[in-house]
Amino acid sequence: MILRSLSCRFLTIALCDAAEPWQLGFQDAATPMMQGIIDLHHDIFFFLILILVFVLWMLVRALWHFNEQTNPIPQRIVHGTTIEIIWTIFPSVILLFIAIPSFALLYSMDGVLVDPAITIKAIGHQWYWTYEYSDYNSSDEQSLTFDSYTIPEDDPELGQSRLLEVDNRVVVPAKTHLRMIVTPADVLHSWAVPSLGVKCDAVPGRLNLTSILVQREGVYYGQCSEICGTNHAFMPIVVEAVTLKDYADWVSNQLILQTN
């Protein structure tokens, strides 16, 4: 099979970004969007550590200095104007520092390319995905279309991830602007690939768009992230990013196979 031969060729040099056992951090970023999400997480985590240390210091100090032994007669404090101003302004400033980059990233995630190089349509079914490449057909021809099913647990090949590998991967060119159109054929689904920073819901009756720029060659694993029925856990997503030349060869071979 053409897709499997391409997969074997690039498997030795390409990174495989998938979930790992006992993983605590993010997967390696493969798009500017995911890199922005990771950077924002690290920046916010820095503020969280500062707040945690300050609150713990206040609690320990209060327990140490204001107990029955050191302060047998407690003071009755109704209010303090200075401290109230401080604990109102200081958290507001922290939230402002967090909100500015958060909104900038949020608006960049909502941006849709006006003229993408490639458009791919992902259609969610119970329980598999269908992909359409409609840029390579004329008006009277069928789009390049294929279904993507999970590899059964009892039939994996050497090196394949359990419940994450599929029979037909989504092949895309690296360093090329892509537009993903996501929609379902039945119920709610969600097309999500963590390394790409993409999670696009498939809502019945709607076409949702998202833009992707894969910056490096590799194999990226995801799953349906919206509960969609009994076999929801068996709807993996595999995106393989290759060079533009190999992508063109793959498209040509797929078109030949489809016409035959």
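Glycine too: its Cβ is placed from the backbone N, Cα and C atoms.
Same-site candidate for Cu cation A1 binding, as annotated by Swiss-Prot with H189, C224, C228, chosen from M180, M235: M235. Apart from H189, C224, C228, M235, the Cu cation A1 site neighbourhood in this chain, defined by C-beta within 8 angstroms of the site C-beta centre, holds G124, Q126, W127, W129, L188, S190, A202, Q223, S225, E226, G229, H232. With the fewest other C-beta atoms within 10 Å around its C-beta, C228 stands out among the binding-site residues C224, C228, M235. E226 (Cu cation A2 binding site) is 5 Å away from H189 (Cu cation A1 binding site) when you measure Cα to Cα.
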